[in-house]
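Q: If you scroll down you'll find the structure; I have some questions about it.
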Amino acid sequence: MIDAISFSSGTFRYLDQRFLPLKELHIETRDYKEAIEAIKTLAVRGAPLIGASAAYTVVLGLNAYQGEKADFPAYFERLIAEVNASRPTAVNLFFATKKMQAVYDANFEADSLETLFAKMTDEAQKIYSDEVDNCDRIARHGVEQLKRDLAGVLKTRKLNVLTHCNTGTLACCGIGTALGVIRLAWQEGLIERVISSESRPLLQGLRLTAWELEHDGIPFVSISDSSSAILMQRGMIDFAVVGADRITANGDTANKIGTYAHAISANHHCIPFYIAAPVSTIDITLSEGSQIPIEERNADELRTIFGTQVATPTTPVVNYAFDVTPGTLIRGIITEKKAVVGDYVKGLAELFEN
Ligand SMILES: CSC[C@H]1O[C@H](OP(=O)(O)O)[C@H](O)[C@@H]1O
């Protein structure tokens, strides 16, 4: 499997995704500020991977602490705030730092700093390994949902699937969320071809999903984001499955910019549109999608293409990194616990009941 991130002996190691697919550059760091910068610049990216990276970043911060135990609470509060400020939309980041905070809250008083830091390091590793396992479960639930919903088509032929951005190992720690569903469906002989939309402006689809699909030998084509509608109109897409950065209690879903347009087209053409995401991406505290903070990124991400100026430096730009697809356009939300279909308020709430 692709080695997107790892943590051992106090060192955070990551594959710098900004240079893929043309260069595979692995970076090692023990500096939490460098790790924060890697998240900010999308050297590491993808909601579940951002969560695991955030947890490892906290551990780097712990290992850098040289002070007395009495002064640690103030240091830790600043550290968590710095990590939380790195990117605003993917709720997995905050899910991870809350998990680290919980270990701190439960053990700070009783433990030495050495013992506490060891427990928090174990928690970070668990966050990572849980996301690896979640991908396998999401893939299974997703394939079973496809077999139910597309049984008619599957009687005569395999399926063509649209996906957006990158939701594979580079984004999720394991086989992927949406791309995990696609990988397992391919292995089970259900997939004819993957349609991977480029995902401007940072091209996670054209660069990263294409790289992962080529790595696996899965047939695909890359398309411009605006081409999905004509392929649907021509019957070239049977379903769509994408990832998520934050899902609210009613099923509204924030995902890479361009997702909403794909969902509108899919709805117009009666093509099922699925979200695949771990429960760690669901923010049950938000009732609907307008409450999700949408990251706006640097205008030069549009004005230049990987260092080549393509618009004037003063061209006005609006650069939202995400959009929100209403739950009403979503056929099902595939999680590691189950596929939630229909009443999202009830179905998503049940995921949090023991
Ligand atoms: C399963 S990753 C979820 C999500 O993260 C990506 O955003 P980014 O590349 O900006 O980190 C994209 O929205 C994926 O669908």
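The backbone N, Cα and C atoms fix where each Cβ goes, glycine too.
Features from TrEMBL:
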type	residues	note
BINDING	Arg45, Gly46, Ala47, Arg87, Gln204, Asn255, Lys256	substrate binding site
SITE	Cys165	site 'Transition state stabilizer'
ACT_SITE	Asp245	active site, proton donor
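Could you give the neighbours, burial and distances for every feature on this list?
A: Remark: Gln204 (substrate binding site) has Arg45, Cys165, Asn166, Ala171, Lys256 as non-local neighbours, by Cβ distance under 8 Å and separation of at least 6 in sequence.
Under the DSSP three-state reduction, Cys165 (site 'Transition state stabilizer') is assigned to coil, being neither helix nor strand.
All protein chains included, Asp245 (active site, proton donor) registers 30 other Cβ atoms within 10 Å of its own Cβ.
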Q: For the substrate site given as Arg45, Gly46, Ala47, Arg87, Gln204, Asn255, Lys256, which other residues of the same chain have their Cβ within 8 Å of the site's Cβ centre?
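A: Output for this site, in sequence order: Leu42, Ile50, Ala90, Cys165, Asn166, Ala171, Gly243, Asp245, Ala321, Phe322.
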Q: Whole-number Å only: compute the distance from the Cα of Asn255 (substrate binding site) to the Cα of Asp245 (active site, proton donor).
A: 5
